[in-house]
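What follows is one structure encoded as structure tokens, with my remarks underneath.
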Amino acid sequence: MLLLGCIKEVSAYELAISLPNGLSGFVPVTQISDAYSKLLTKQVAQGELLEELHSLPDMYSPGTLVRCIVTSSEKSADGRRSVKLSIDPKEVNKGLSSTALAAGMVLSGSVLSVEDHGYLIDIGVTGTHAFLPHQKAKNYIKAVKKGPDLKIGQNLNCLIVEVKNEGRVVCLSIDRSEVAASIATERQNWALSNLLPGLVVKARVQKVAPLGMKLTFLSYFTGIVDFMHMDPEKSMSYSPDQVVKACVLSVHPTSRAVRLTLRLPFLHPGGAPRQLPAQRMGAVLEEATVKAFYKQFGAIFELDDGTLAFARLKHLSKTRKSFKPGAFKEGCKHKCRIIDYSLMDEMCVISLKHQIIEAQFLQYQDIHTGDVVKGKVLSLKPIGMQVKVADGIRGLVPSLHLSDVILKQPEKKYNIGDEVKCRVLECNPGGKKLILTLKKSLVQSKLPVLSSYEDAKPGLITHGFVVCAREFGCIVKFYNDVKGLVPQNELGSEPISCPDKVFYEGQVLKVMVLKCEPQQERLLLSFRLSSKPGPEEKQKGTPKEKQEMKYQIGEIVDVKILKKKDNGLEVSILEDEDNVVAWIPTLHLSDFVATSKLLWHCLQEGDVLPRVMYLSDKGEHITLSRKSAVISAVQEEQVVRSFSEIQPGMLLTGYVRNVMPFGVFVEFPFGVTGLAPKVSMSDKFVTDTKDHFVVGQTVIAKVMSTDEEKQRVLLNLKVSECSSGDSAAESFALLNQYFKELKEIRNLLRRGEPSICELMPGKGVHLVVQDVREDGSALFSGSSVTGLTVTASRYHLGYKNIAPGEKRKALVLHVDALASQVYVSLREELLKQRP
């Protein structure tokens, strides 16, 4: 079957073609032309790139009309039909013979070779040599902007200018104005066996029917124009015997059926149909009006911008059973989504199916690098795992990315049909290429996604994965194939002589960008996340250096919040003419870790924080702290300014920097760090260090010993060893500070969540039982606790049987403002003690 098609997408290996009536097919790279296939075979045999062989994107552009012939039509396992096409002139023009060729004919040709005075063109007619002079090609070459010359394998819409020697030699033109002016006539002796799609004819209306009309053309041919191919402006005004201009859309050789179009862009040979604006693809429209319903095909709708759209029958409802024809009378309105655009019909293709309207992704263009997506396992192969993300969207998880560690037998972890949560490493919509990762540390990472060299600003900390570890260092990859080098001296705080024994391929690590040259795609990285400014910065005398000289560690300043970030607050120091920008890590907002998180939650951009201490100038920011105990220690000079000042027996106030399986690292103001080994961490027996300390926690540590040669400090964190003597006074001071900060948080919460502020521990509230859980705990509701989750454990119900709907008086035990949870008690002994 011969069809007129329009190129929709061009990739290295195929052309995606839009066909009439919303159909689509594809032309493999081997079905372009004989000359092109020979060049491909030669390149494969020689194993090197040929200068005269150009890629399909170099020769073809979306929106170009081409004549195609169907070579095969297959149905896949999921019921989708795949139509394979050819644009090879030998196939498309096989009905033509050299004697049938006449001046004025328009037909397909393909560039065979480049000669001195023009081009030899393959028009697929045996015994005929076709020549295209440079003069007749120059305007076309200028218009398509695909280079100074036509390329071997380029498909052309040719007009026969002259026929010599009984059709053995023909002279051609591809000048757009000459081709566009041609109309097929009876003098050209067209027969049904060689009639070509794309021919423009004068036709006479024979019969008009609801689904289309019948035309006669070229004296004795008859053709059909269906409802989708009438001119939308004139569809109601056609009448028998009317003369119209039409274009042949398709010719079926066995049924001898000819279909035509009356749509305007096709009425000039070589015309181009209108494209859909990119932003409209995938758009959800609240109201589309039914214009016409065809019970065997579907419905035509008018969209919000006045254009027409078509919905196939299967896209009008979820299932055939749920389909209600009455809902598609003219004028009815429906919610829909644009799922495709048929270039050959100049119509949007829409769907009314709820699952398609709600779908997160419809096409590869909807997916962006760094997105977290869900998919189903389709297959497991040595190269990796194929995952179905949505209908028509498939991705590959390379074997290196199946897990945080290399899996020798992935089939034991994953089964076909399993739902998996992946992150997009690379997405190329043009090539329909989607690369995913299943590494949990990448999928769950909250750090920025590094997907271009331009984003790699010095100081940026992100996650990457090792692709190579050698004696010179490690090569680390990120998203979109961005990669950089971690040199040997930046692999760790201690020198690493054999990186390949410490790091492994696929290992996910946090890295910091030291330097980036985007033009050269060069990236220098470090595994040491708190590096000092490099010599380049010092030479320049950056503004940052001036900032550092202004303030001394321990200086107290007031600040205003500029920006809230995931791990802290960006602030400007008030009463400073230079508007110095500084950083308060979340964990430095308070001595209490839980309070720090609450404060971060409550504070807003623009708030002023008084009495914040200048802590350090290491790394990329000036760092400030609001830890009251640390500020007091600095002000009372209970600190050490350098390693040489440390003496065994000293009590120092600091904060936990890192919790390791073998102990806890504690940092003090002025940058001194010490280690509390597992045995000296707690008065209790320590099994897991993480059960006893968290990063950011304020602690008082006792110096046990120092090693001047290795610059090491050993600490003791046992409470029994770390008291200055008056432990009661210390405890009350800490409690007092805790309640003072809670009061501050309550005032901040009043701005956004007033109801939670009134719920003080010890307050009585009237509640209604909502639900009793299996473990014996209960859920409550009430006017004073709107929007909060209120629970009481089985113990705090007093082991009484209560039923949903009962009204009860309860006592507030604890309020978790971060989680919007309130814990209450119904025990009589607590309720009686309330004043």
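Each residue's number is its place along the chain shown, starting with 1.
Cβ atoms are placed via backbone N, Cα and C, with glycine included.
Note that the structure is a prediction, hence the values are computed from the model and not measured.
Per TrEMBL, the feature domain 'S1 motif' maps to 1-88 (among others). In this model, the domain 'S1 motif' (1-88) carries an average pLDDT of 88.
Among the features that TrEMBL reports, domain 'S1 motif' is placed at 104-175 (among others). When the domain 'S1 motif' (104-175) is classified with DSSP, helix, strand and coil residues number 13 helix, 34 strand, 25 coil.
Marked as domain 'S1 motif' by TrEMBL: 198-263 (among others). Sorting each residue of the domain 'S1 motif' (198-263) by its DSSP state yields 3 helix, 37 strand, 26 coil.
Marked as domain 'S1 motif' by TrEMBL: 370-439 (among others).
Annotated domain 'S1 motif' per TrEMBL: 459-528 (among others), in sequence order. Secondary structure of the domain 'S1 motif' (459-528) per DSSP (helix as H, G, I; strand as E, B; remaining residues coil): 10 helix, 35 strand, 25 coil.
According to TrEMBL, the feature domain 'S1 motif' maps to 554-627 (among others).
Annotation comment: TrEMBL describes 649-718 (among others) as domain 'S1 motif'.
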Contact between the domain 'S1 motif' (370-439) and the domain 'S1 motif' (649-718) (3 or more Cβ pairs under 8 Å, separation 6+): no
Among 1-88, 104-175, 459-528, 554-627, stretch most in contact with the domain 'S1 motif' (198-263) (C-beta, under 8 angstroms): 1-88
Leading stretch by Cβ pairs under 8 Å, where the reference is the domain 'S1 motif' (104-175) and the options are 1-88, 459-528, 554-627: 1-88
